[in-house]
Amino acid sequence: MLDSVFIQIVISFVATACFGVIFNAPTKTIPACGLVGAVGWAIYYVMIDIGVDEVQASFLGAFVVSLVAYFFARKFRMPMIIFSVSGIIPLVPGGIAYNTMRNVMELDYIMGLQNGMRAFMISGAIAMGLVFAEVFMQIIFRLLSQGKTSMQSFMKSKKRSS
Amino acid sequence: MDAEHTEMAIDCFLLAGRIMIESGAETYRVEDTMLRMARSQNMMDAQSYVTPTGIIFSLGKTQPTRITSIPTRITDLHRIALVNNVSRKLTSHLISIEQAYEELKKIEKTNYFLPIAIQVLAASIASGAFLLLFNGTVKDIPAAFIAGGLGLYIVTIIHNMTRVKFFSEFLAAVAIGIVASAAIHYGYGIEIDKIIIGSVMPLVPGLLITNAVRDMMAGHFTAGMAKGAEAFLTAFAIGSGIALVLSF
């Protein structure tokens, strides 16, 4: 199993890095883009493997993608979107969307609706995961910087009084 | 501050906003960038209203409100990074507004895309990789490789020729369907579904879907709905192109 997870990570790294090229990410960030996608896919794959539903697994995958993208955005001093856009591509429910289209074409509207709802739920979960992680990080960093500045001002006032 | 200088500053902010929207940045980030740039130049009353198809920008009472329209949008992350860099430098007063405007003009004129051959190669490799991620068999990789590359190539070429995005995506999907069916017919592939899913991935509007929801969460319902509609039309074009081939 370890072997296959490792192979999955390598393949998703290659796929995401290629998407970085298609979306024209700055050249030096392309390996980082690949890494973001590989981490997100690894979380998703392990979650599916231990029996978590696709919707929850997509949410967790997107959440982690966003966290790693936030980290790289701070490191490279670039907008977060550069890293997160190609990172979520492996999680996009392409297969289910394809089946929806296929069902509708074969006039099987019941299955089509079922698959369509599923694709909608998964893409909603991905978007939620991305946004929640970003807001989460913003709150943490705001708290951290507030603590720092208030601490500094406290130290300053202490120095002044002494 | 004289009127001419202010005019130039507004031009600069509008250009920055326009390049960002054209390259696919989030709406709320564009508004934020423009306001930050304006505040760094002591224009505290600045207001901006950004939609995916146009920007309205005003400095308050003294100056007339300016608008700029945005006819086309593509995904070009390199430009977003460059404009972000200029805005960072301007807001920390490392460069003057004149220098920023010159840099933005240069960014607008330059084409930062890699050569089309490299993009097509990337799309081919990505299609092969996605085939494996979706549990496809190794035997199907050559078919996905060719179909994925061809799909991206057709989108780029037809889009440059006609400027109608949905038509080019439709044609690319038709081409992918034909290649996949031919591969199955001549015995070079096993599962047509997996080949098509893998090769269609480079056309999927991933950026649009993410940005649509992201903008809605930030309170930009107009932009969110517009981007959602664009994503839906793109998905519909791809789906109908594939469906057309499969129905024969």
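Just so it is clear, glycine is given a Cβ too, placed from its N, Cα and C backbone atoms.
On a predicted model such as this, the values are computed, not experimentally measured, just so you know.
The domain 'Threonine/serine exporter-like N-terminal' annotation in TrEMBL covers B:13-248. Annotation source TrEMBL lists transmembrane segment at B:112-135, B:141-158, B:170-189, B:195-213, B:225-246.
Taking residue pairs at least 6 apart in sequence, the transmembrane segment (B:112-135) and the transmembrane segment (B:170-189) share fewer than three C-beta contacts under 8 angstroms. Note on the transmembrane segment (B:112-135): residues 76, 78-79, 82, 141, 144-149, 151-153, 156, 194-195, 197-199, 201-202 of its chain, located 6 or more positions outside it, place their CB under 8 angstroms from a CB of the stretch.
Averaged across the domain 'Threonine/serine exporter-like N-terminal' (B:13-248), pLDDT for the predicted model comes to 89.
Within the chain carrying the transmembrane segment (B:195-213), a Cβ under 8 angstroms from the stretch's Cβ atoms is held by residues 24, 26-27, 75, 123, 126-128, 130-131, 134, 136, 140, 143-144, 147-148, 151-152, 155, 169, 172-173, 176-177, 179-180, 183-184, 189, 224-225, 227-228, 230-231, 234-235, 238, 242, all 6 or more beyond its ends. Within its own chain, the transmembrane segment (B:225-246) has Cβ neighbours under 8 Å at 51-53, 73, 165-167, 169-174, 176-178, 180-181, 196, 200, 203-205, 208-209, 211-212, 215-216, counting only residues six or more beyond its boundaries.
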